[in-house]
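Feature annotations, reproduced from TrEMBL:
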type	residues	note
TRANSMEM	A:27-44	transmembrane segment
TRANSMEM	A:50-69	transmembrane segment
TRANSMEM	A:76-95	transmembrane segment
TRANSMEM	A:101-123	transmembrane segment
TRANSMEM	A:130-148	transmembrane segment
TRANSMEM	A:183-200	transmembrane segment
TRANSMEM	A:236-259	transmembrane segment
TRANSMEM	A:271-296	transmembrane segment
TRANSMEM	A:316-335	transmembrane segment
């Protein structure tokens, strides 16, 4: 009825190449942006920010990053938790050693540092492929977590071994530390998410993204037609590392505030982000958001239904959650290997004809 | 003999024993990978699941009792009987065979022909599922595992006095070697020999090797792929049970068991995914390597290097030899 291409004429290259070629999509996108920037900040409270919005936004950035590596470039990584830890610790060191610089730049630089670390651990990908690489990235996960645990310089020799985010402000409004307001932290993360999504979207439909996809689909063939595998793989690791690092920095400084590395950035975090992109959709920007939203909401919903309504003990609900997540992963891989994003695409195709299917 | 050298020898021996346990888990991976091309990430959780089931059956726990209590408001937890270890092991083998059948029927039959990496991710999902399922079924508290044939003949634990005394007489320093590790080594040797005999001399074993060699050719001579896959998963389930018993008796049946099993991955990478001797040699190298590294370098860098040494060793090694020590040469074509 509403979802139509008919009458939507493209008269210039710019309109032909835009991200949302269908008018209805464009309207939807602007509505979402308007709600996110102009409505939610006024009605958000601490519970909603901490339980849903902040984790969703931060995981969405991590999922975007991992999706570039796994979904677009085909290099499976199980080291996301370790790389998020690099972002967090880089951010902490920057915040404490250069307090006069704005936190905004700290987060960006932490992303850059994580990108570099990611490239170092990505170098073996030139020789190691498939599962071997997946297991090799586990080396990054365990080594990095161990490093941040054992070398006191990283946590400024604090007695507890934890890192705590000091108070930092943007335009005079605190975004980290104990005295933050829900709307400020929310907006701060939202800006990063929107910019990341824009960058990711434009990278993946340009030259870089096409090279990554060529490598993913068949690396030898890609090499023969002139894609430099070194550059393609390393750039994928770097970009992915940047996003993951930004998300790790935000996760520590804005969301948690205090971090113990083994707990916050353990191997489970790596799997969580990997599951987000499998459920959301490998090789899709929308999928990263959908997967992050799904896996952030699922525990909250289960807790509300299981613990608050049915009165079950929390440990049973936690176990049930594992069963459900595992089952869903398998179900998605069997029924729809391209995840929620593909379901959305199929729905849109159906909508184009609806309600007159001929 | 200098003291450091004697200590190093003890560490070396203990490393070998730990390596045997890694190799036990790695064996299960190799079996499944060879026969079906599935890299079974859930092998470690299968070991955990098997060990928990064994303890649960032994102690006569009611499956899903926590869930039933929560839903119905009852207070059941035990049947009130104890099952003999041998019978419990047989029952657990039955459960593992059922699990193999279910996994084949509900998961991998629907994924035939998918890319290997999709199958790999499916096994990660399976690992999560099984972990939650095991916890729901038997409860997540740490359990102790004792396997006893009679009241007095249990799995031996603690220091082996004979070795302690013998080495004391030779070097003036008694080696600490756990009885359980020695038992594990013997069991591992028996298990590997049994597997070799099974795959060389029985009809099913030969069919298994045929499938591992070439699916299409095996199909064309009348081997049922479905049956072989269930068989392989069952054998892997049995290996997981043995590994679960050994690890469980050593450090209690708890979640960290599945993390230990994660260490079997670098073992595999060293040995190559397709080689049973590779799994064993890889296990020994990793076991000895990480213990020696912790002993020699660990104190200098703050200890606990065992967490990552195996992975980094495998990573460095793979850069020079991507197919592992005994793996088949990778030939790439378009």
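Backbone N, Cα and C atoms are what each Cβ position is placed from, and that goes for glycine too.
The shown structure was predicted, so the numbers you read here are calculated from the model rather than taken from an experiment.
Below 8 A, the CB atoms of the transmembrane segment (A:27-44) and the transmembrane segment (A:183-200) form 3+ pairs separated by six or more positions in the chain. Here the listed stretches are A:130-148, A:183-200, A:236-259, A:316-335, and the one with the most C-beta pairs under 8 angstroms to the transmembrane segment (A:271-296) is A:316-335.
Through the fold, the transmembrane segment (A:101-123) approaches residues 75, 79, 83, 86-88, 90-91, 94-95, 136-137, 139-140, 144, 168-170, 175-176, 192, 233-234, 236-246, 248-250, 253 of its own chain, all at least 6 residues removed from its boundaries and within a Cβ separation under 8 Å. Contacts between the transmembrane segment (A:50-69) and the transmembrane segment (A:316-335): absent, as fewer than 3 C-beta pairs lie under 8 angstroms at sequence separation of six or more. Contact between the transmembrane segment (A:76-95) and the transmembrane segment (A:236-259) is supported by 3 or more Cβ pairs under 8 Å, counting only residues 6 or more apart in sequence. Below 8 angstroms of C-beta separation, residues 33, 36-37, 40-42, 44, 49, 53-54, 57-58, 60-61, 64, 67-68, 107, 170, 173-175, 239, 243, 246, 250, 254-255, 285, 288-289 of the same chain, each at least six residues beyond the ends of the transmembrane segment (A:183-200), sit close to that stretch.
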